[in-house]
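Quick look at what TrEMBL annotates:
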REGION    489-510  region 'Disordered'
TRANSMEM  21-40  transmembrane segment
TRANSMEM  52-74  transmembrane segment
TRANSMEM  81-99  transmembrane segment
TRANSMEM  105-126  transmembrane segment
TRANSMEM  138-159  transmembrane segment
TRANSMEM  214-235  transmembrane segment
TRANSMEM  298-318  transmembrane segment
TRANSMEM  340-358  transmembrane segment
TRANSMEM  370-389  transmembrane segment
TRANSMEM  395-417  transmembrane segment
TRANSMEM  429-451  transmembrane segment
TRANSMEM  457-480  transmembrane segment
Amino acid sequence: MWWDERVSARFRRNLQPTLTYWSVFFSFGLCIAFLGPTLLDLRCQTQSSLSQITWVFFSQQFCLLLGSCLGGVFKRTLSQSLFALFASSLAISLVFAIIPLCHNVVVLAVVMAVAGLAMGCIDTISNMQLVKIYQKDSAIFLQALHFFVGFGALLSPLIADPFLSDTNCILSNSTANASSNLPHIRKSLVPHHPGNLSHYDLPMKGMVVTRVSYAFWIMALINLPVPIAVFFLLYKERMVPCFNGSSHPLLSADELAMETRPVDKDELPTPGQRPHPAGGHDDLLSCCQSQNFRGASYTYFAVHITGALVLFMTDGIVGEYSGFVYSYAVEEPLAVVHKVAGYLPSLFWGFITLGRLISIPVSYRMKPATMVFINVIGVLITFLLLLIFSSSVVFLFVGTASLGLFLSSTFPSMLAYTEDILQYKGCATTVLVTGAGIGEMVLQLLVGSIIHDQGSYSFLVCGMIFGCLAFTFYAFLVFFHRMYPKPSAELDDASPDKAAVPGDTGQYQR
């Protein structure tokens, strides 16, 4: 294996939980990407207008953000985390199965809100648990985790595509000239911004002819092994009520010595010592309680805030670019034909997934701080070149692929870097996940309004501004990292009475 034996031993020790968290994030990706392509068929199914159906986007995104904020509530014990993941992944399968039965747009919005809550819990808990397991070695496993969400996000549109309507899926005597424009309408649909499509007359009453139900039932079956995998992990850890016996034996002395190297034997905790509980990783409400702030320096808060702001900008760029690159391409001065422009969002997400796959081995050799620096600089340069060559269709495709690569590893690298700074005792995971979710929702709405008022060129200008802000906040984070008090273990590595770092044994903590 291309990593060292210590990390390999830790991975083997935690193989089942690691694979389970990765599979749960695949479930997250499967659920996050299906709504855009299927929205027109869901409009037919619910016999609603374009403006009404786009509120389904909002219900999912808002509840995803809410679930991310509250996901840390379930971190207090491993059993709470696993039961929350089991319920969330099972809820996603049920949502896929129930969506074809929703013939009212309000009911559909409620169902998607449930899916959003489940996705938010998955997002926070999976990141949090991997960080708790691997700590200083978590970067590589976080990169793999986010590869699986990209893989799921690529798969669900491919599953849905054969079942999407090629013509108007509501047959009526009304104007039917929008049928030939359905691919254009489908690609242009962005949350809360169907205004540029208002001139298309789509009938709301008539006979519904859509086969999209089969796509959702297939996705429900594909996702079903995920809650089963979580249940098996609960069973292995003896947390299922019928099998709640004693826990599994601890690591052997040889494994423990290997995974904690270079700690000497004399530094290992004695059998009578109890491990300290892991600090931090609370839900957002618990993080804001005053007792958590006692004795904390200003740099403690600054690291949380600047880290969240970096992801607010970069995840916001992901949301606004994937949402509006098609609309930008089909308008002047590029005027790309609809069919060709439709490949741009797929190209963007494809290179995000490819970048996450490449980042798995790269993150083992490169520090998270360096990867984030390369990412934000790459985003800035790409937007600058897109502005310079704004009349080039070829460079729009090249820039879209480049932007996907540079944005791909930003979130997991930023999470690993911030947790390293805080020595796994802050609320970094919850704060960063929440900041990223807010950015993806807010910046997409902001850019949509600006494009509507100022024209398509402002799409790239906004991206450039957000990239500059991301780099600025990253520079502040590096500054506060240098100011942040170092742990005592780093102050005197040669001290014979130095305490071993608690919780960093590589053992799966119960």
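Any Cβ shown, glycine's included, is placed from N, Cα and C.
Here the transmembrane segment (105-126) sits apart from the transmembrane segment (370-389); fewer than 3 CB pairs are under 8 Å, leaving out pairs fewer than 6 apart in sequence. Residues of the same chain lying 6 or more positions beyond the ends of the transmembrane segment (429-451) and with a Cβ under 8 Å from any Cβ of it are 61-62, 64-65, 68-69, 71-72, 120, 123-124, 127-128, 131, 190-193, 281-284, 287, 304, 307-309, 311-320, 323-324, 327-328, 411, 414-415, 418-419, 458-459, 462, 466. Ranked by Cβ pairs under 8 Å to the transmembrane segment (21-40), the stretches 81-99, 214-235, 370-389, 395-417 are led by 214-235. With Cβ pairs under 8 Å as the measure, the transmembrane segment (214-235) is packed most heavily against 81-99, out of 81-99, 298-318, 457-480. With Cβ pairs under 8 Å as the measure, the transmembrane segment (457-480) is packed most heavily against 298-318, out of 81-99, 298-318, 340-358, 370-389, 395-417. Within its own chain, the transmembrane segment (340-358) is flanked in space by residues 33, 143, 146-147, 150-151, 153-154, 157, 183, 187, 318, 321-322, 325-326, 329-330, 396-397, 400-409, 412, which lie at least six positions past its ends and keep a Cβ under 8 Å from the stretch. Same-chain residues lying 6 or more positions outside the transmembrane segment (81-99) and placing a CB less than 8 Å from one of its CB atoms are 20-21, 24, 27, 30-31, 42, 71, 74-75, 108, 111-112, 114-115, 117-119, 121-122, 125-126, 128-129, 213, 216-217, 219-220, 223-224, 226-227, 230-231, 233-234, 237, 239.
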